[in-house]
Amino acid sequence: MQGIITKGIGGFYYIKTEDGLYECKARGKFRLDELTPMVGDKVEIEIDNNSKGTIEKIFERKNKLIRPAVSNISQAIIVFAFKNPNINLDLLNKFLLQCEYNEINAVVAFNKVDLVENPEKEEVVDIIKSAGYEVIYLNAKEGMGIEKIREKLKGNLNVLCGPSGAGKSTIINKLVGKDVMETGQISEKLKRGKHTTRHSELIEVEDGFLVDTPGFSSLSIEDIEKEEIQFLFPEFIKYINGCKFTGCLHYKEPSCVVKNALEQGKIHKKRYEFYIQIIEEKLRGKNNKW
């Protein structure tokens, strides 16, 4: 029987199958192979007479996140508030970079639309849309935009990510219709949210699954080669092969088609500046965790 791990606590794993939910333990062979079952894993299980099960096989993972420890994510809803806390554009770009690297479809949800006059005219919206990403506007407290999020979840294994205080837990509670996740208050001193989510669990919503991100995701460029970075910017792709020099990093090289596109306004200046920031970090040998 096949299913998906929705929760793991103290060596027990809860597997959602077509026949229902089963509590399972993992075979010892996984320990020998240094393979630990993760939430999101697609697995094969055997059920005993007491309706308990054993995980016999873990299928190959499409991707794997460390924080939260979740595998096979197909879509990320990146939640940022327009204000309280204010948007950190570098951080938003870093989330997008990680999504591209892990082959995760990214949708950007801007929450707290009531705090700005005209959400669609905010510069950050223009920057994100120019890169080809879908944008959803939310007032999660009032329930505005929640149905659009619900629609996006269908058929996907989804993760909500973004900075603390942006409204991730509020969104989950609205989607599920009950307080599954504790919501944190914004600290007046820091204007940042006190992070409150403490565990990873898949919640079934519509025809998909949703996991909230416990803690801040670990964002690192350590595993990304400098030559790979250009491919993580969707707006660069159609220009990359037109450059005069093979291996062009679109940095200081002449006859660069990406830089020409930038000059013509086809690539947003702030996205290109972020790209150069990452390239320079790699050239200096820095692999900072952000």
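Note that Cβ sites are derived from N, Cα and C of the backbone, with glycine treated the same way.
Quick look at what Swiss-Prot lists:
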type: BINDING; residues: Asn111, Lys112, Val113, Asp114, Gly162, Pro163, Ser164, Gly165, Ala166, Gly167, Lys168, Ser169, Thr170; note: GTP binding site
type: BINDING; residues: Cys243, Cys248, His250, Cys256; note: Zn(2+) binding site
type: DOMAIN; residues: 62-219; note: domain 'CP-type G'
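Here the features listed in Swiss-Prot are placed on the structure.
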{"residue": "Asn111", "record": "GTP binding site", "Cβ contacts under 8 Å, 6 or more apart": "Val79, Phe80, Ala81, Phe82, Leu138, Asn139, Ala140, Ala166, Gly167, Ile171"}
{"residue": "Val113", "record": "GTP binding site", "Cβ contacts under 8 Å, 6 or more apart": "Phe82, Pro119, Tyr137, Leu138, Asn139, Met144, Gly145"}
{"residue": "Cys243", "record": "Zn(2+) binding site", "Cβ contacts under 8 Å, 6 or more apart": "His250, Glu253, Ser255, Cys256, Val257, Val258"}
{"residue": "Cys248", "record": "Zn(2+) binding site", "Cβ contacts under 8 Å, 6 or more apart": "Ile240, Cys256, Val258"}
> So among the binding-site residues Ala166, Cys256, who's got the most Cβ atoms within 10 Å?
Replying inline: Ala166
> Among the binding-site residues Lys168, His250, whose Cβ has the fewest other Cβ atoms within 10 Å?
Replying inline: His250
> In this predicted model, what is the average pLDDT of the domain 'CP-type G' (62-219)?
Replying inline: 85
> In the same chain, which residues outside the set Cys243, Cys248, His250, Cys256 have their CB within 8 A of the centroid of the CB atoms that define the Zn(2+) site?
Replying inline: Ile240, Lys244, Phe245, Leu249, Tyr251, Glu253, Ser255, Val257, Val258, Lys259
> Taking the Cβ of Thr170 (GTP binding site) as the centre, how many other Cβ atoms fall within a 10 Å radius?
Replying inline: 20
